[in-house]
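Engineer: Structure in structure tokens, see below.
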Amino acid sequence: MRDRTSVTVRAAAKINLHLGVGRVREDGFHPLDTVYQAISLYDDVTVSVDDADHLSVAGAAHLDLDEIPTDGSNIAVRALAEAPCDVRHHLRISKEIPVAGGMAGGSADAAAALLAHDRLHGLAQPDDVLLAQAARLGSDVPFSLVGGTARGVGRGELVTPVEDEGSWWWVAVPSAAGLSTPAVYRHFDVLRPDAPAEPASAEPLLAALATGEPLRVARALHNDLQEPAIDLRPELGDLIARGEAEGALRGIVSGSGPTVVFLCDSADGARATAAGLVGAGYAVALTATGPVAGAHVLA
Ligand code: C5P
């Protein structure tokens, strides 16, 4: 029988296979046409009833856990406030997703906290209510609920699943220090003052995805935030070149960075690329597959 004093939800990292960014809107957000994919790096969030509200975070030594706020500003804590109740909670986050890495780690925690809280209290809120709560928390949070492969428009919060029969192999290389998402978007505005209002269409990437051919997808990968991210962190350009020299089909900055992800032709190809990058001195190279499920309760 399920222990109703505690629920654990698992949520995955995301990457953007296509990230078209248009000119900044009046509300400060940028219009996007993006294709998200959930990949097999996970945060687990446990919500339990407790005497007082508190948050604890654990994770691998290479993660910059000190960068994660443990007060009310943490996005997972804010997620619990979306469905207010009189009960106090202990929120435990077990992290695998790089922190401030452009892989929606915070959004995954928020999505997991929303779902865990809902299930813990038997609220059974409809999906559209959870998705609306998710969108209020952040542009990537709805996708963290949905998972798989999906197209995102608006500021990224309007998510529609897309067909993706493929099973794709990735290597993710995090950086020691994170990059601020707003800073990368601001730098996009500086570098691209005459960016068109309409973001670059995701259609070419979707067509490539439908072929199931890794090389076609590799060629179609696109990220308008890559140029500003590399301008802020020139070493990311060297990393992309190195991973491609180690056998990856293509390297690309993940979202606003600084994590770089490499699409590989197979599981063996991903392991070889990761080993090559570690041999070249990169401390961490994680292999992952996608698409994987959105936020879900662990038994
Ligand atoms: O929605 P979220 O809180 O994740 O966004 C963080 C920041 O990233 C925003 O405050 C904004 O500066 C930038 N952003 C943007 N356009 C988007 C999404 C995010 O400019 N579509």
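Sequential numbering from 1, following the chain as shown.
Using N, Cα and C of the backbone, Cβ positions are placed for all residues, glycine too.
Marked as active site by TrEMBL: LYS14, ASP140. The domain 'GHMP kinase N-terminal' annotation in TrEMBL covers 78-148. According to TrEMBL, the feature ATP binding site maps to PRO98, VAL99, ALA100, GLY101, GLY102, MET103, ALA104, GLY105, GLY106, SER107, ALA108. Marked as domain 'GHMP kinase C-terminal' by TrEMBL: 206-272.
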Engineer: Near GLY106 (ATP binding site), how many other Cβ atoms are within 10 Å of its Cβ?
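Structural biologist: Step by step: centre on the Cβ of GLY106 (ATP binding site), count other Cβ atoms within 10 Å, giving 25.
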Engineer: Hey, for the ATP site built from PRO98, VAL99, ALA100, GLY101, GLY102, MET103, ALA104, GLY105, GLY106, SER107, ALA108, who else sits with CB inside 8 A of the CB center?
Structural biologist: ALA13, ILE97, THR259
Engineer: Whose Cβ, among the binding-site residues ALA100, ALA104, ALA108, has more other Cβ atoms within 10 Å than any of the rest?
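Structural biologist: The largest 10 Å Cβ neighbour count belongs to ALA108.
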Engineer: Which chain-mates of GLY102 (ATP binding site) that are at least 6 residues away have a CB under 8 A from its CB, listed by sequence?
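Structural biologist: Correct list: LEU179, THR181, LEU225, ALA229, VAL253, SER254, GLY255, SER256, GLY257, PRO258, THR259.
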Engineer: Starting from the Cβ of LYS14 (active site), draw a 10 Å sphere and report how many other Cβ atoms land inside it.
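Structural biologist: Result for LYS14 (active site): 31 other Cβ atoms within 10 Å.
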Engineer: When DSSP states are folded down to helix, strand and coil, where does GLY106 (ATP binding site) land?
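Structural biologist: Reduced to three states, the DSSP call for GLY106 (ATP binding site) is helix.
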Engineer: Count up the helix, strand and coil residues in the domain 'GHMP kinase N-terminal' (78-148) according to DSSP, in that order.
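Structural biologist: Breakdown, helix to coil: 36 helix, 9 strand, 26 coil.
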